[in-house]
Amino acid sequence: MSNPIIRRTAFFPWFPLLHEIGITAHSRTPVSLSCRSFHFPSAVFSYCSPTYCTTVDATETDSQFLSFMRSQCWSGQLRNVDTAVDFFDMMIRMKPLPSVFDFTLLFGVIVKMRHYATAILLIKDIYSLGIKADVYTLSIAINCLCHLKQTDYGFSVLGTMFKVGLEPTVVTFNTLIKGLCEEGYVVRAIRLFEHMEKVGYEPDIQTFGVVINGLCKIGDTHAAIKCLRMMEERIGKPNVVVYSTVINSLCKDGLVFEALNLCSEMISKGIRPNHITCTCLIQGLCNFGRLDEAIAVFNEMRLRGIMPDAQTISILADAFCKEGMVMGAKAIMGFMLHMGEEPDVVVYNSLIDGYRLQNQMNEAIKVFNSMINRGCLPDIVTYSSLIHGWCKGGDIDKAMHLLDGMIGKGFIPDVVTWTTLIGGFCQAGRPLAAKELFFCMHKYGQIPDLKTCAVMLDGLWKCGLHSEAMSLFDSFEKKNLDLDYVIYCIMLDGMCSCGKLNAAQKLFSSLPAKGLQLDVYAHTVMIKGLCKEGLLDEAENLLTTMEENGCLPNSCTYNVFIQGLLLEKDTTKAMKYLQIMKEKGFIVDASTTEMLIRYISTNQVDSDFQEFLTQEK
């Protein structure tokens, strides 16, 4: 005769799969039996757990314990998973065993604690004891598997339900639909939604809500609205959660007008918006620079008695700061304090960044000190914003002081912060210190990205460390780094500026083979380099070639070439290209104008050129 436990495991094929998804016997919380004691025959039941102790006088210990367990579950006092597992172990020692109802009640509490793997293993244990699970027990198992991102195994449990003659509920299908959506299988979720209708299950508000949320998450707002209309026809008006989900999706798609209309429709149907609805609208309006309308929504929500939360405040504060209205951000933060709410780090960061954008670093530091005094700890964004501000203002020492404080607090500066500091040192004329930082990044687990490399190279060239720049570039190429077009243009500009024209020409010619399209900027850099060396014919040839290749010169290209012509006193060609510029609608820039004025004032122009310039005036 075969083992009944083996038969039961074979009948529920998803049990052996527990090992595949990392759920083993070790997933159960270890149980300490020493904390429980039964005193017979005095019929005193004593129980002690990490969170609760009690002693109950009873003549029927098992019955008393079950009553105690139920009251703990129903009242919400059972909050510790160790205690729940202790209860389970006591229950399986009872004779006769408690009903599946009591076990399911306990499993439901464990699921609320989010100990999904533990719940599944305990369900497995009751099968091993021969206890027949009901639809609610198996629905709990499905819920756990879906939360563990193992929805396919949840379908195995659904198959088990049908095999044993149990009828799944709408809640069972809702759980599977939600699981599929959470794992990104929205199309499969829609098919299941359609299938449940075909086999006679009527979707409820939760079903529609889950499907609409899934569609919004994948950006299919149009389908979500269709589902919303279907919901209205089938089961009546949606609730505020469903409306808010669609409104949020519309805002993310930039359809703020449609979102506002949907909100008005919701209100007209007697559905009161909540703070989530209003926050979605405010975020959508702020994202598209419609701050006045966002403020109007904010004022409207207050009039309706809907209290904004920290997220709402931070969105508005950030929008005010980005518009350069730091005082507006301070006012909105003052409102938050008046409500008795402490601003979080996001709100403080918005205000600090606002002052940074206005170059008011002393005010930014005041906010920084204030947040610390109020018990709000700065994060990496706070430090990075302040470091960026000091670097921009040229106070690199204060930026470094903040960096030291940041590292001292256990924050690891990200690549953006390092890049900002490297750029700051270069702008301050301290390229060697910048280079030291560049190579120091590795110690903190940060690898320079292409922007960091570009900033470092540009700084070395502009600070006159040409050999250092060439050496660093060579090291990049030896490491086979996938350098981008920006870096190559920096190298072209640097080489041309310091007289390394041959090297620049060689690099320029190699770029198409690297899969990089030569644009007007690269051509202009090379034309400038050729003009600097007095190679006007080659510069003109390159100007002609770029046009033939479909790369049209811009105003900067012509100005650079004309300046080269003027330096070589080739006024005839200068007149020709000034005329071309005029025909193309380009404007002579300040540098070219200055050269022309200098020529006229020193009588270095012939009569034809003098007449041409007079006509151009």
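Backbone N, Cα and C atoms are what each Cβ position is placed from, and that goes for glycine too.
Automatic, uncurated: that is what TrEMBL annotation is.
Listed in TrEMBL:
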type	residues	note
REPEAT	134-168	repeat 'PPR'
REPEAT	169-203	repeat 'PPR'
REPEAT	204-238	repeat 'PPR'
REPEAT	239-273	repeat 'PPR'
REPEAT	309-343	repeat 'PPR'
REPEAT	344-378	repeat 'PPR'
REPEAT	379-413	repeat 'PPR'
REPEAT	414-448	repeat 'PPR'
REPEAT	449-483	repeat 'PPR'
REPEAT	484-518	repeat 'PPR'
REPEAT	519-553	repeat 'PPR'
REPEAT	554-588	repeat 'PPR'
Checked against DSSP, the composition of the repeat 'PPR' (134-168) is 26 helix, 0 strand, 9 coil
Are there residues at least six beyond either end of the repeat 'PPR' (169-203) with Cβ under 8 Å to its Cβ atoms? List them, or say none. 135, 138-139, 142-143, 145-147, 149, 151, 154-155, 158, 161, 210-211, 213-215, 217-218, 220, 234-235
For the repeat 'PPR' (239-273), could you work out the same-chain residues 6 or more beyond its ends whose Cβ comes under 8 Å from its Cβ atoms? 205, 208-209, 212-213, 215-216, 219, 221, 224-225, 228, 231, 280-281, 283-285, 287-288, 290, 301, 304, 306
Provide the three-state DSSP residue tally for the repeat 'PPR' (344-378): helix first, then strand, then coil. 26 helix, 0 strand, 9 coil
